[in-house]
Amino acid sequence: MRTWIFFFLCLAGKALAAPQEALPDETEVIEDLTTEEPTEDVEEIVAENPCQNHHCKHGKVCEVDDNNSPMCVCQDPSSCPATSGVFEKVCGTDNKTYDSSCHFFATKCTLEGTKKGHKLHLDYIGPCKFIPACLDTELTEFPLRMRDWLKNVLITLYERDEDNNLLTEKQKLKVKKIHENEKRLEAGDHTVELLARDFEKNYNMYIFPVHWQFGQLDQHPIDGYLSHTELAPLRAPLIPMEHCTTRFFEACDLDNDKYIALEEWASCFGIKEQDIDKDLVI
């Protein structure tokens, strides 16, 4: 269980981090005491580089066109930073290992507009490996561990949030009630039988964690639906450890529209229809 929390905190964000944009070249300005316009010269030099505040999505970098206007173009994979560890490698849905997420997204960008590019997604963190099939019995166990994990992730964030930058005040109030509840099941390597009993006895403790995770993922855009891309920060670190991850999220998409709505998400985790509340996505 602690391994899951570690991966969530340390790897989920890192895997999809966009490459750093290059800073504008620094230009040395020598003040000429014989002129009266040094300030204007400095302003003109600093104002250059239209790409400075122009942001591009994963796999693209900013370049200036003939009209000195910024535009986003596909990044050359060979320009990605050199990698040094196996944890930087990622596996694509094409079952190909890429040196880093930068190399993956740069490659995906070059395939824009093609059928292959449309189907290509980042599958999981680490080199591609054999992922065994998820059996029906295993699929029913997955949400038991996942719910408990979400609760424990929130508890960990609450306990570590000394600088008030991990959770909002509203979130803290919700987690505080869970943290202080004496009936709370402590984090540990529990059997599925114990997890099932705890969910039945302490059902209310799991409602907010499920809603919270949905809100953490629903960001691009915030529309009440999770796309494959939005799920990636959660899926990518989990798949190598939980082989039922992909099948579970596919099963959550009840209407097969390639998006998971809040109602579908909550239902997947056993939250009752009357307890699904958009106001809990905070």
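The backbone N, Cα and C atoms fix where each Cβ goes, glycine too.
Note: TrEMBL annotation is automatic and uncurated.
Model, not experiment: these values are computed from the prediction.
Its Cβ placed at the centre, C51 (disulfide bond) has 18 other Cβ atoms within 10 Å. Taken from TrEMBL, the feature disulfide bond covers C51-C62 (among others).
Residue density at C72 (disulfide bond): 16 other Cβ atoms are found within 10 A of its Cβ, drawing on all protein chains shown. The disulfide bond annotation in TrEMBL covers C56-C72 (among others).
When other Cβ atoms within 10 Å of the Cβ of C109 (disulfide bond) are tallied across all protein chains shown, the result is 21. If you look up TrEMBL, you'll see C74-C109 (among others) marked as disulfide bond.
Positions annotated as disulfide bond by TrEMBL: C80-C102 (among others).
Just so you know, the Cβ of C91 (disulfide bond) picks up 22 other Cβ atoms within 10 Å once every protein chain is counted. Residues annotated as disulfide bond in TrEMBL: C91-C128 (among others).
According to TrEMBL, the disulfide bond annotation covers C134-C244 (among others). All protein chains considered, the CB of C134 (disulfide bond) has 19 other CB atoms within 10 Å.
Sequence-distant contacts of C252 (disulfide bond), defined as residues of its own chain at least six apart whose C-beta falls under 8 angstroms from its C-beta, comprise I260, E264, W265, S267, C268. According to TrEMBL, the feature disulfide bond maps to C252-C268 (among others).
The domain 'Kazal-like' feature in TrEMBL is assigned to 73-130.
Taken from TrEMBL, the feature signal peptide covers 1-17.
Of all the Cβ atoms in the protein chains shown, 19 others lie within 10 Å of the Cβ of C268 (disulfide bond). Highest local Cβ density among the disulfide-bonded residues C56, C74, C80, C244 belongs to C244, counted as other Cβ atoms within 10 Å over all protein chains shown. Listed in sequence order, the disulfide-bonded residues near C62 (disulfide bond) (C-alpha within 10 Å of its C-alpha) are C56, C72, out of C56, C72, C128.
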